[in-house]
Amino acid sequence: MGDRLYIFDTTLRDGEQSPGASMSKEEKIRIARQLERLGVDIIEAGFAAASPGDFDAIHAIAETIKDSTVCSLARANERDVRAAGEAIKPAARGRIHTFIATSPIHMEKKLRMSPDEVVDAAVKAVKIAREYTDDVEFSAEDALRSDIDFLARIFGEVIKAGATTLNVPDTVGYAVPRLTEAFFRELIARTPGGDKVVWSAHCHNDLGMAVANSLAAVLGGARQVECTINGLGERAGNASLEEVVMAVKTRRDVFGVDSRVDATQIVPASKLVSTVTGYPVQPNKAIVGANAFAHESGIHQDGVLKHRETYEIMSAESVGWSANRLTLGKLSGRNAFKTKLSELGIVLDSEEALNAAFARFKELADKKREIFDEDLHALVSDEMVTIEREDYKLVSLKVVSETGEPPLASIVFVEHGQEQHGESSGSGPVDAAFKAIEKVVGSGAELELYSVNAITKGTESQGEVTVRLSREGRIVNGQGADTDIIVASAKAYLSALNKLTIEEKMNAQAAA
């Protein structure tokens, strides 16, 4: 058994900072439960002082999660730290993660504080955090561009104040692996009391090296890695949890560490986060992409058929892909459906959700002869979103399209409990459907992105549509899936409108 590597997931905090990736409290709870099943050690549930909505979500997650540590971020000031402390109070295990910038450019231009003032603020924040919990993490923002002597000083002081985990973020994704490993080795050696705490890496992907730098930090002595599902995060994203976990698992000979993550829950977690945030996973994404275990070359196919390990360093099943791609049919019953969901790592929160998902499955089975695992993931995720959000819900859609004539869309949907009818022409069937919705709603939102992804192969495949809308500075992603791509598009548009409505409700409650 090697050293323990702690996996700190920040999908719900740093990941949510991706444009349009905002989540409701219920969605955050659902993802937190999946992260707990995955076996992550620490779930950073949000930034308690940022908004009442964030505080409520952290508090609810702290009440729900029993096995993982629930953490809140806090700037190094009393208001933030106390908000974090109150938010995590119900947690079986709670952590406060406080931070302040330490690079010369950040201290001078952003904080306008002297190094001594920064040290004092950090020490005070850690001491206040210890009033709430014995588990306190301190981060030196922009650490990889900070003076190492100053870092050793501030880290030494916060250790004396009670910090138990020290995080060294590459905030702007500037680091390179060789220097990262050396930096960690030197910093740990030079920090007074550095052998008494857990050292952590938090790397961003601006130069495409977040995972490589995180692994280099492990070689340099880090025993916690901060990461997100699918590498989600602002700008180019964060270190990808699935890549970090499988790298240390597959190359234990190099890294000599073990995590407690259940790798078979990786794909279910990836699919859930993708659906909730509206961020599709690129097909060639390591571990969780649709092509991650596909072999096109004849030579590769021949080798894999003879012995899988000729071209596969891990099995698809080991990370949660199902070995049996073809699943249920129209004659399958509710128990078979429930059993298959369990095999796929899909857990529904209630009998109501299971019944609704099974009804949707039966509808899909009437349209599609072969139903694959990917269909079930899309169907169940879509149903969970529908149960939660009833402000806008599609009832029916009819589109008439004739060569040389503009398509005409007639739509019926529920708006705030009332059935609405809309009709419009457009430059194409999707445009007509969107305009028919807007004729009724008049949201004033701008369409920023429209993308379509085939969930499985063949002409019967469900199409998964992502729609990104923006309004008054807010950006949201909506998703919809159906065998009819126009219907999927309408679902995605209404899903995005629902997210805008949820954000407005949360803002109104915060202002009240």
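A Cβ is built for glycine as well, from the same backbone N, Cα and C atoms used for every other residue.
These come from Swiss-Prot:
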DOMAIN    5-267  domain 'Pyruvate carboxyltransferase'
BINDING   D14, H202, H204, N238  Mn(2+) binding site
REGION    393-512  region 'Regulatory domain'
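Overlay of Swiss-Prot annotations on the structure.
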residue: D14; record: Mn(2+) binding site; DSSP (3 states): coil
residue: H202; record: Mn(2+) binding site; DSSP (3 states): strand
residue: N238; record: Mn(2+) binding site; DSSP (3 states): strand
Q: Determine which residues of the same chain, besides D14, H202, H204, N238, have their CB within 8 A of the center of the CB atoms at the recorded Mn(2+) site, and list them by sequence.
A: T10, P169, T171, C203, N205, A210, E226, C227, T228, G233, G237, A239
Q) Among the binding-site residues H202, H204, whose Cβ has the fewest other Cβ atoms within 10 Å? A) H204
Q.
Using a 10 Å radius around its CB, how many other CB atoms surround D14 (Mn(2+) binding site)?
A. 23
Q. Sorted by position, what residues of the same chain at least six away from N238 (Mn(2+) binding site) have a C-beta under 8 A from it?
A. T10, D14, G15, H202, C203, H204, N205, A210, E226, C227, T228, G231, L232
Q) Any idea what the model's mean pLDDT is for the region 'Regulatory domain' (393-512)? A) 87
Q | Per-state residue totals over the region 'Regulatory domain' (393-512) - DSSP helix, strand, coil | A | 40 helix, 56 strand, 24 coil
